[in-house]
Amino acid sequence: MEPEPLDPRAIGFMRRNLAMLRQTPMSVVLAGLILLASIYFPRFMFKSQMARFPLILEHLSSEQRRARFLVGAKALYKDGSQKFRGMAYRMQTLDEQQIVLPLSALTELRKAPEEVLSFYDMFSKVVDTIKRDLTPKLTKITSKICDEVDAALDTYLPSHGKWTEINVSKTALDIIAKVSAHLFIGGDVANDPGYLECTKNFTVHLGEATRAIKVTRVWLRPFLAPRLPEVKRLLETRTKLRSYVKRVIEEREAKIKNPDWVPPDDMMQWLLDRADRQKDTLEDCTAAQVLLILGTINASMQTLIAILHTLAVTPEYVEPLREEIRNTLNSDGSIPVSAMKEFGKMDSYFKEVGMHFPVIIEPYFRRVRKGFTLSNGQYLPPGVAIVIANPLVTDSKYDTFDGFRHYKLREASAQKDKPNHRWLIANETEFRWGYDNHVCPGRFYAHNLLKIIFARIVENYDIKMPGNVEGIEARYPMVEHGNVVMEPRDKPLLLRRVKSHQGHVD
């Protein structure tokens, strides 16, 4: 087939440009070439360095790989682990190609300084406050948390002995938001329905906004994202949240002038005590509220839902757990602080649920700031995102659900090894709380909060699935959206108030 003749207009355009090029000084031409090289050469080098890593789903187009990631990254990580055993490989996400490293790389990655591997930490003040104020005072405030949990359960759970259907996700969010409000912001605002709605809505709206942005083309996001209705709702909720924070700051700034005023023990006051008053304290405290909502309310809600969804289909664990709980209570029915460590069967059940139904599939994520060479000689170029997949996703070690597996291992272990079987542990194989220097600072609060809520529910309620279905296969399946895995929303469970250990239905 003969080539088609060039359009005369195109020939004329080329001639004019060649003529202009002849008249352009050589220095300008060279400057232009250098500029183009400075723009495109780094991109070429980056792609060349990335191409050295094998690509999962290489036979598909980029768009098809994005679609596969969207419907379930969890399965891709498992396939990649089996195909590239112990090797690094590339995976196409919704945003970019990232490098997935084997678990064995974790030891050397932890030695890399922050200027090489970046963990974005814009909330260092909040983290510092949690470590210095919240965690050391947990023993002191645990009894207060228990009181708030009791009040919240009386409000949101049935008070009679008949089977009652509840919306698990809504109820879990109501309870955790209500209890946490007293610690996060305190005062009258903690009981303000408007503030509680803000904290609950922010959690929901963030998920909606994230999903809406993720399905938008990367290059269009700067233009379209601010116009998305989901993003607008999220920003409106944050503005309302800011107004509540402002109200509390102004009230406390006025009270501090009173020498008889005793500052409350809550996160808002601790942040104010550590704040630099020359800077924008309002914005800092609003950002802190956002972090606490995401880090505590959302994460704790997902964990509680996962545990209740599982308990409803494994009713054989209810009585042993209830017996352990009632045997640990004080004579007046209150929960002692020491129970947080004594709930061995509960601790084991929590850990087993997390192993079978993990909500975090990329527990280790870093952005490479400076080129980094692994011990096997593989070079990680600057700018690339690196992840390590949760071994619970890629490993089929725990195919059978055994709620007391870790309790039995703990009982059979030597004293020094017993902590390794606790739910609170964070190490190279268990990432539920993060890892190394970036382990979740609020894990001790979340740990205590969830155990107190669960203890009260199991102590006082029977739980089951609609239709009386049982068995782990009957459990509500988790929902996947790319690398986000979560419990399904708005699913019903049945609860029934039972006789308390004093022998009557309250």
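Just so it is clear, glycine is given a Cβ too, placed from its N, Cα and C backbone atoms.
A simple way to gauge crowding: the CB of C440 (heme binding site) has 19 other CB atoms within 10 angstroms, across all the protein chains here. Look at Swiss-Prot and you will find C440 tagged as heme binding site, backed by similarity to another entry.
Residues or ranges marked as N-linked glycosylation site by Swiss-Prot: N167 (among others). Counting every protein chain shown, 14 other Cβ atoms lie within 10 Å of the Cβ of N167 (N-linked glycosylation site).
Taken from Swiss-Prot, the feature N-linked glycosylation site covers N201 (among others). Under DSSP, N201 (N-linked glycosylation site) is assigned to a helix (H, G or I) in the three-state scheme. All protein chains shown were included, and the count of other CB atoms within 10 Å of the CB of N201 (N-linked glycosylation site) stands at 19.
Per Swiss-Prot, the feature N-linked glycosylation site maps to N298 (among others). The secondary structure of N298 (N-linked glycosylation site), as reduced to three states from DSSP, is helical.
Annotation note: N427 (N-linked glycosylation site) sits in a coil segment as assigned by DSSP. Sequence-distant contacts of N427 (N-linked glycosylation site), defined as residues of its own chain at least six apart whose C-beta falls under 8 angstroms from its C-beta, comprise N420, Y435. Annotation source Swiss-Prot lists N-linked glycosylation site at N427 (among others), citing sequence analysis.
Residues or ranges marked as transmembrane segment by Swiss-Prot on the basis of sequence analysis: 26-46.
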Please name which of the recorded positions listed here, N167, N201, C440, is nearest in space to N298 (N-linked glycosylation site), Cα against Cα.
N201
Within 10 angstroms of the C-beta of N298 (N-linked glycosylation site), what count of other C-beta atoms is obtained when all protein chains are considered?
23
Just the number: how many Å between the Cα atoms of C440 (heme binding site) and N201 (N-linked glycosylation site)?
23
